[in-house]
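Undergrad: After the structure tokens below, expect a handful of questions from me.
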Ligand code: SAH
Ligand code: F3S
């Protein structure tokens, strides 16, 4: 009988891909098969996130639960960014944990498994040339890493300390991965990195210089590939050449993530984001001008140290002008190993919560007006998911989630859909061609 692996993945798309890599390695080298029942698993992995404080607290209570329910000889491994950040501290606090594997070390999974109490959290470790065994959680779209780590020093962010310096994966390896995904039936690829449009600054090996715009051209030449998405680009690196390629290239999906963080130039400076309110607005205007149907999503942090009412108003002001189709908003959470952790001009927690709910309520009014405008519109939808309620769900090129009545025959297909019913987050439609 094969050994069983249970894996819980928290956090971002990079973690989803890291989990896929670990699943594939464990299957190829150790014969593990996935299970969604932790109690019957021989190995329990938690792939953690450390971007905000809450999930870190939750980790230890969760570990306690897994320790109680696991089979007697089952192993528990903690992977990902909190593993990188806390290292052996995890085994001190939870001595039943068998190993700790950092976000930059996923290729070592089959090895640490056999070294009891192993702690592998080296952030100088280079995985950029590592050819992983293959596992895809969806046959319809493929996550593909184009870089690891991050070279920025945003003062609020722990990621450069958990994933290390940025290294670009050689273009040939990326294109080979894209080809393989397409051969296996994916019409869409999702290129991943902490800062994708900084691609090509540093390769670990001798490689032709290539920036992200050129990489997009190379990837889009893969025959049979229909859709390219990517996350996350950085507003600082959104030069004209990049925006023009985005607009012109028919394979690039017309949805852009533009992580604003704050609309106040002073706060952006304190965050070391490298752009101003005006630069961000200039890029968003240019993007909407080039691609009128584009959808723009963003990340916003409220109550960063020193944020005044006027700074917060600046953020609302940018939201009012850009009218983001999607906003991921967070209250600032001080993180160890970051510069901002030592900032003393903290914003009162209650005021922070008030600003967060104000911002979210404001965004809801924008979303209501955006979704009302979608009624009767037509989109090409790529169906990826069968829902239990008799619907199939997919996304338009510009990232609108659309559900239609239908069965699995639509999965993996692109069809023309007319929107017949709208709501804030999901739209409903009918297939018309
Ligand atoms: N480069 C990555 C950033 C990863 S962190 C990307 O663009 O996806 C994801 C988001 O979490 C950030 O954009 C930011 O909005 C939020 N975040 C990061 N650190 C935070 C902190 N200390 N407190 C609150 N939110 C934070
Ligand atoms: Fe974090 Fe800024 Fe990099 S948000 S991941 S340091 S671009």
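Each position is counted from 1, following the chain as shown.
A Cβ is built for glycine as well, from the same backbone N, Cα and C atoms used for every other residue.
Unlike curated entries, TrEMBL annotations are predicted automatically.
Among the features that TrEMBL reports, [4Fe-4S] cluster 1 binding site is placed at 12, 49, 81. Annotation comment: TrEMBL describes 150, 154, 157 as [4Fe-4S] cluster 2 binding site. Per TrEMBL, domain 'MTTase N-terminal' is recorded for 3-118. Annotated domain 'Radical SAM core' per TrEMBL: 136-371, in sequence order. Taken from TrEMBL, the feature domain 'TRAM' covers 372-433.
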Undergrad: Which binding-site residues among 49, 81, 154, 157 have CB under 6 Å of ligand 1?
TA: 157
Undergrad: I'd like to verify something. Among the binding-site residues 12, 49, 81, 150, 154, 157, which ones have a C-beta closer than 6 angstroms to some atom of ligand 2?
TA: 150, 154, 157
Undergrad: Cα-Cα separation of residue 150 ([4Fe-4S] cluster 2 binding site) and residue 81 ([4Fe-4S] cluster 1 binding site), in Å?
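TA: Checking the Cα atoms of residue 150 ([4Fe-4S] cluster 2 binding site) and residue 81 ([4Fe-4S] cluster 1 binding site) gives a distance of 13 Å.
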Undergrad: Between the Cα atoms of residue 12 ([4Fe-4S] cluster 1 binding site) and residue 157 ([4Fe-4S] cluster 2 binding site), what distance do you get, rounded to the nearest Å?
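TA: Residue 12 ([4Fe-4S] cluster 1 binding site) to residue 157 ([4Fe-4S] cluster 2 binding site), Cα-Cα distance: 14 Å.
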Undergrad: Since the record lists 12, 81 as binding-site residues, which of them has the fewest other Cβ atoms within 10 Å of its Cβ?
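TA: Per-residue Cβ counts within 10 Å for the binding-site residues 12, 81 bottom out at 12.
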Undergrad: I need the neighbours of the [4Fe-4S] cluster 2 site defined by 150, 154, 157. Which other residues of that chain put their C-beta within 8 angstroms of the C-beta centroid, in sequence order?
TA: 152, 153, 156, 158, 159, 160, 194
Undergrad: Give the sequence-ordered list of residues that share a chain with residue 154 ([4Fe-4S] cluster 2 binding site), lie 6 or more positions from it, and have CB atoms under 8 Å from its CB.
TA: 261, 271, 272, 273
Undergrad: Using the Cβ center of 12, 49, 81 as the [4Fe-4S] cluster 1 site position, which other residues in that chain lie within 8 Å, going by their Cβ?
TA: 10, 11, 14, 15, 48, 50, 51, 55, 80, 103, 159, 162
Undergrad: What are the DSSP helix/strand/coil residue counts across the domain 'MTTase N-terminal' (3-118)?
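TA: Reading the DSSP string over the domain 'MTTase N-terminal' (3-118) gives 56 helix, 27 strand, 33 coil.
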Undergrad: Near the Cβ of residue 150 ([4Fe-4S] cluster 2 binding site), how many other Cβ atoms are there if near means within 10 Å?
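TA: The Cβ of residue 150 ([4Fe-4S] cluster 2 binding site) has 22 Cβ neighbours within 10 Å.
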